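Participant: Here you go, one structure.
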C-alpha cells in the first residue's frame with residue numbers, strides 16, 4: 001500500500017472538501033515536532049486536495065508541515081523533514097517546493113540519495129520563477145516542471161534529461177485553499193502533485209527508482225528527446241614545454257610561471273623577429289638576469305628536449321618566410337616525435353593525434369540542454385574584471401589577483417577568456433577575445449557559462465573570478481565593430497556581485513560613468529574599484545590610435561586623485577604591486593573575510 005508524505009504548509013482541517021477525510025500530520029519547526037499541522041497559508045491544502053483525490057484508492061497520506069515555507073523555503077528544515085520521513089514508513093514523498101539558492105547542496109543531495117536507496121521515491125517541483133531549483137534538479141529526485149498544454153490531470157510528458165524529468169498539468173485549475181475555500185491557480189507545484197498521484201497507479205510500492213523511471217516512460221503521452229551535451233576536451237598533462245612565438249599571449253605565460261604546473265624550458269621565435277639571442281626578462285621588463293631564458297631561432301628547435309609545444313597566435317607570420325610551408329614541417333616533426341601541441345589557433349587540418357593536441361573552442365555540442373530556459377542561481381561570490389577598451393592588462397590583473405588569493409590560502413574558481421587560461425590552472429576557458437573560437441550564439445553563451453559557474457559553486461570555492469574582453473559598452477554607434485554583443489552576453493551569464501573596472505588615463509569621464517551605470521544597473525552589481533592602465537597617448541592628434549607611453553608616478557598620483565573625487569571609488573594601478581595588494585585586501589574585506 002502506498003504511504004505518501006506531503007512536505008508543505010500543512011492542511012486546513014475544516015475544509016469542506018475534506019469533511020469525510022481522516023487527516024494525519026505533524027509540524028517540524030526548529031528541530032521540534034508537534035501535532036498541529038493546520039494550514040494558514042493554503043498551498044499545502046491545495047497539494048493535499050490533488051493527491052487525495054487522484055491517488056490510488058487506499059493510499060495513506062501524512063502531511064508534514066514545515067513552518068518556514070510560508071516565509072520562503074528553509075533548506076535546513078526540508079533536510080530535517082526528509083530525515084524524519086524515513087522513520088514514518090512512507091514510500092513516496094511529494095515536495096511541491098524547493099530552493100533556487102542552496103548553500104548546503106551536498107548534504108541536501110546526500111539525504112535524497114539515502115532515501116532513494118531505501119526505495120523511497122521523491123517527487124519535487126521546479127520553481128515557478130523559471131530557474132533551476134533543488135531538490136527537483138537532483139538525479140535522485142523526479143523533477144517536475146509544468147506544461148500549460150497538458151489538459152488532463154493524469155497526463156504527463158517525460159523528458160529524456162537528467163535535470164527536468166517530467167512535465168505535468170500546470171494550467172489554471174480550481175484548488176482547495178485555506179482562505180478563501182477555493183482558488184484558481186496554476187504552476188509547477190500542482191503539476192508535481194498530479195505526477196505524484198499518477199505514480200501510485202503505475203507501480204507498486206517498493207519499486208526501484210529505475211523501474212519507476214521506465215514505467216513513466218512507457219505511460220507518457222510524449223517522450224521528449226533532447227540532444228546530449230558533449231564535454232569539453234580535457235587538457236593533457238605536460239612537464240617540459242617550449243613556447244613559440246614570443247607574442248602577447250606568451251608574455252603572460254613567462255611572467256607568471258609560478259602559476260604553471262609545468263616548466264617552460266625554451267622560448268622560440270622566427271629569425272626575422274629581431275629578438276633572437278635576447279633575454280626574456282630583459283624583453284619583458286628591461287631587467288638583465290644571468291639565469292634568464294634567451295629567445296632561440298625556431299628553425300633550430302631541439303625536439304628531444306621537451307614534451308609539449310605551446311603555440312601562440314600565428315597569423316602575423318602568415319605572410320613571412322613562406323610560413324605555412326614552414327608550419328607544415330613543424331607539424332610533421334611534432335607527429336614524428338610524439339609531441340603534445342597546445343595551440344591558440346585551430347590546427348585541426350593537420351589531424352594531430354587525439355589526446356596530444358588541444359585548441360580551446362566552444363561549440364554548440366558543448367552547450368547544456370535548454371531546459372525551458374531554466375538557469376542556476378549562484379551561491380558563491382562572483383568577481384568580474386571588466387574594462388573600457390582592449391589592451392588594458394585585464395588578464396594580467398586576473399593573474400595577479402589569482403596568485404595573491406591562492407598565496408593567502410583561498411580556494412579560487414576561475415573562468416578565463418584568454419585561450420591560455422587552462423595553462424594557469426583556471427577551471428574553464430572561454431576564448432572570446434582575439435580570433436575568438438566561441439562558436440555559439442548569445443543565449444547559448446549564457447547557458448554554457450551559467451553551468452560552468454554552477455559547477456564552481458558546487459565545489460569548495462571561496463570566490464569565483466571571471467574576466468571579460470575589450471570594452472563593455474559601445475563608445476560610438478557608427479560601426480558594427482563598436483557593438484559589444486559578446487561582452488553583454490558574458491555579463492548576462494556571469495552576473496558578478498562585484499566588478500573591478502579597468503580604465504585608461506585618457507578615457508572620457510562620461511564614458512566611464514556610463515560603463516559603471518550599465519554594469520551596476522544591468523547586473524545588479526557593484527563596481528568596487530577602478531584600475532588604471534598606466535599608459536597615455538603620445539601623439540594626441542592621432543587619438544586613441546596614437547603611440548602610447550608610460551605615465552610617470554607623479555602623473556598617476558594626480559589622475560588617481562581626480563578619479564577618486566569624480567567617481568567616489570578606490571583607484572589602483574596595475575603598475576604597482578603594493579596597490580594590487582590593497583585591491584585584494586579590499587576584495588577580502590568586502591566579502592567579510
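Quick reminder: no glycine exception, Cβ is built from N, Cα and C everywhere.
Those TrEMBL annotations? Automatic predictions, nothing curated.
Straight out of TrEMBL:
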type: DOMAIN; residues: 3-225; note: domain 'Peptidase S8/S53'
type: ACT_SITE; residues: 8; note: active site, charge relay system
type: ACT_SITE; residues: 43; note: active site, charge relay system
type: ACT_SITE; residues: 189; note: active site, charge relay system
type: DOMAIN; residues: 373-574; note: domain 'D-glutamate N-acetyltransferase-like C-terminal'
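Let's see these features in context: how buried, what's close, how far.
Facilitator: On its own chain, residue 8 (active site, charge relay system) has 39, 43, 44, 47, 48, 63, 64, 65, 66, 69, 94, 95, 96, 97 as residues at least 6 apart in sequence with a Cβ closer than 8 Å to its own Cβ.
Packing around residue 43 (active site, charge relay system) is summarised by its Cβ count: 23 other Cβ atoms lie within 10 angstroms of its Cβ, all protein chains included.
A C-beta separation below 8 Å, combined with a sequence spacing of at least six in one chain, links residue 189 (active site, charge relay system) to 43, 46, 47, 96, 97, 125, 128. According to DSSP, residue 189 (active site, charge relay system) sits within a helical segment.
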Participant: For residue 43 (active site, charge relay system), what is the secondary structure state per DSSP, taken as helix, strand or coil?
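Facilitator: Once the DSSP labels are grouped into three classes, residue 43 (active site, charge relay system) ends up as helix.
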